[in-house]
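Trainee: Checked Swiss-Prot, it gives:
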{"type": "BINDING", "residues": "Arg21, Glu84, Lys123, Lys459", "note": "(6S)-5-formyl-5,6,7,8-tetrahydrofolate binding site"}
{"type": "DOMAIN", "residues": "219-380", "note": "domain 'TrmE-type G'"}
{"type": "BINDING", "residues": "Asn229, Thr248, Ile250, Thr253", "note": "K(+) binding site"}
{"type": "BINDING", "residues": "229-234, 248-254, 273-276", "note": "GTP binding site"}
{"type": "BINDING", "residues": "Ser233, Thr254", "note": "Mg(2+) binding site"}
Amino acid sequence: MDDTIIALATAVGEGSIHVLRLSGPQAQEIIERAFTPHHPQRWQEKSNFTLHLGYFRAGAKVLDEVLIGRMSAPGSYTGEDVYEINCHGGLYIAERIMRECIGLGARLAEAGEFTKRAFLNGKLDLIQAEAIVDLIAAKTDSSADLALAQMEGLLSQKILLLKDQVMETLAFIEAGIDFPEDDVESLDRDALLQRISKGLELARDLLDGSKTGRILREGMLTVIVGQPNVGKSSLLNALMGEERAIVTDIPGTTRDEIRESVTIGGILLQLVDTAGLRESEDLVEKLGIERSWKAMEKAELILLIIQAGQELKAEELKILSQYDQSVIVLINKMDLLAGKERGEEVLENYPTQQGVWIPFSVKENLGFKQLEKEIKQRVYQGKAEKTKEPLLSNIRQITALERAVSALANGWDSVKNGLPWDMVSIDIRQALQEISQMTGDSVQESLLDDIFSRFCIGK
């Protein structure tokens with residue numbers, strides 16, 4: 001990292017201002033050559049984290065009046081000397097300033113290169129770096145809060161505890177291998193089992209929250225299914241707050257999947273409205289119904305809509321039988337019933353009680369609060385939704401931790417079965433390697449390139 005990089009940190013296009021970020025060993029020299037401050041004495045003080053107004057020049061020609069932020073190494077975002085040039089928001093002006101900096105020795109930054117330098121300079125670990133991308137992409141308060149907790153290092157702290165435990169376990173084993181004649185604790189297999197069990201407990205605790213974390217980060221794939229004309233499209237429109245799907249009394253109106261995103265109780269749902277389930281001779285409708293069944297196979301949540309006062313159809317019973325734990329049954333059109341039937345007593349009409357059943361009416365706005373409560377219950381797995389407990393949410397990190405758990409479990413089995421300690425150490429070392437991959441302490445350059453390529457150019 002002996003070169004200096006520059007990139008536009010704001011979105012391409014016209015606006016009130018553009019921000020150019022410059023970082024590297026030549027950053028100060030480039031700015032000194034191109035920037036004429038309005039207050040030279042204050043500029044010469046070289047105070048850190050300060051803003052300075054002045055002219056940015058290309059030789060004798062003034063390009064713009066700019067505001068420059070100075071952040072000196074090692075206290076900057078990248079750990080290098082960083083200057084942020086705030087210019088007027090025309091893209092032409094920003095490009096002129098960028099070209100001048102490149103002419104003075106900088107080069108255009110690659111995608112994510114500023115954050116990659118921050119990682120390589122020890123300003124943040126890989127989990128914190130990936131959380132920055134998640135924060136930028138966040139679509140709900142919950143996903144933003146999750147990313148912020150990871151950026152603050154709260155998740156990294158828990159992983160560091162796990163890593164320390166596994167490192168101590170490995171040292172414990174290696175002491176037993178190196179000094180087999182000593183009557184020390186390292187020869188005690190029960191003590192070793194306890195150490196491995198502690199590591200497994202810490203790792204599994206992290207994994208337990210990963211489903212919640214992943215849903216908060218990516219959303220929950222939710223499929224709306226049911227017979228024709230039970231209110232599937234009406235529910236989609238109600239959740240969206242707009243007429244997204246066509247609603248008619250004609251069966252088979254929805255023939256293809258309609259996909260939309262909606263936030264309920266701070267949780268992002270990736271909604272799929274499907275074709276009504278029935279026997280049909282229409283080729284196009286039959287294809288839509290086949291897609292409905294395939295969508296259910298991938299769904300994390302199935303909203304099965306049935307019509308109040310009607311017996312369950314074969315397709316509905318099949319869904320309840322096959323996808324019991326994933327189903328919430330919405331007994332829709334409660335507004336069409338009279339008397340006691342409009343209350344909880346309606347549940348008595350359905351002897352099959354797989355899944356969760358909610359009396360519902362899109363027309364009268366009945367059942368939406370209970371639906372939101374049930375969705376939260378499933379996502380947070382009964383825990384308080386406002387918890388600040390850091391959660392795993394990144395599939396790369398989750399996969400690495402799953403491999404670490406597998407390696408620790410293999411090590412535990414090896415000890416229990418009386419295998420030599422050098423054999424046990426192979427599994428424990430593998431677990432340590434996987435945990436180090438999570439934080440970036442031990443990671444291949446190709447993986448780093450892949451991770452940081454997902455960032456925008458100016459980040």
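Here the Cβ of each residue, glycine as well, is placed from N, Cα and C on the backbone.
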Trainee: Could you tell me the maximum Cα-Cα distance in Å between the residues recorded as binding (6S)-5-formyl-5,6,7,8-tetrahydrofolate, namely Arg21, Glu84, Lys123, Lys459, rounded to a whole number?
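Mentor: Max Cα-Cα spread across the (6S)-5-formyl-5,6,7,8-tetrahydrofolate binders: 18 Å.
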Trainee: Using a 10 Å cut-off, grab the number of neighbouring Cβ atoms around the Cβ of Ser233 (Mg(2+) binding site), all chains included.
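Mentor: Within a 10 Å radius of the Cβ of Ser233 (Mg(2+) binding site) lie 22 other Cβ atoms.
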Trainee: Roughly how many Å lie between the Cα atoms of Ala275 (GTP binding site) and Ser233 (Mg(2+) binding site), rounded to a whole value?
Mentor: 10
Trainee: Among all the protein chains here, how many other CB atoms are within 10 A of the CB of Lys459 ((6S)-5-formyl-5,6,7,8-tetrahydrofolate binding site)?
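Mentor: I count 22 other Cβ atoms within 10 Å of it.
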Trainee: Measure from the Cβ of Lys232 (GTP binding site) and count the other Cβ atoms within 10 Å, all protein chains considered.
Mentor: 31
Trainee: Roughly how many Å separate the Cα of Asn229 (K(+) binding site) from that of Lys459 ((6S)-5-formyl-5,6,7,8-tetrahydrofolate binding site), to the nearest whole number?
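Mentor: That comes out at 49 Å between the alpha carbons.
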Trainee: When a 10 Å sphere is centred on the Cβ of Asn229 (K(+) binding site), how many other Cβ atoms does it contain?
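Mentor: For Asn229 (K(+) binding site), the count of other Cβ atoms within 10 Å is 19.
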Trainee: Just to confirm: which same-chain residues, 6+ apart in sequence, have a Cβ under 8 Å from the Cβ of Lys123 ((6S)-5-formyl-5,6,7,8-tetrahydrofolate binding site)?
Mentor: Tyr77, Thr78, Gly79
Trainee: As a test of the contact definition, list every same-chain residue at least 6 positions from Arg21 ((6S)-5-formyl-5,6,7,8-tetrahydrofolate binding site) whose Cβ is closer than 8 Å to its Cβ.
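Mentor: Once residues fewer than 6 apart are set aside, Arg21 ((6S)-5-formyl-5,6,7,8-tetrahydrofolate binding site) is near Ile6, Ala7, Leu8, Ala9, Val82, Tyr83, Glu84, Ile85, Ala109, Phe114, Gly458.
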Trainee: Using a 10 Å cut-off, grab the number of neighbouring Cβ atoms around the Cβ of Glu84 ((6S)-5-formyl-5,6,7,8-tetrahydrofolate binding site), all chains included.
Mentor: 19
Trainee: Can you grab the distance from Lys459 ((6S)-5-formyl-5,6,7,8-tetrahydrofolate binding site) over to Ser233 (Mg(2+) binding site)? Cα atoms, rounded to a whole Å.
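Mentor: Here the two Cα atoms lie 41 Å apart.
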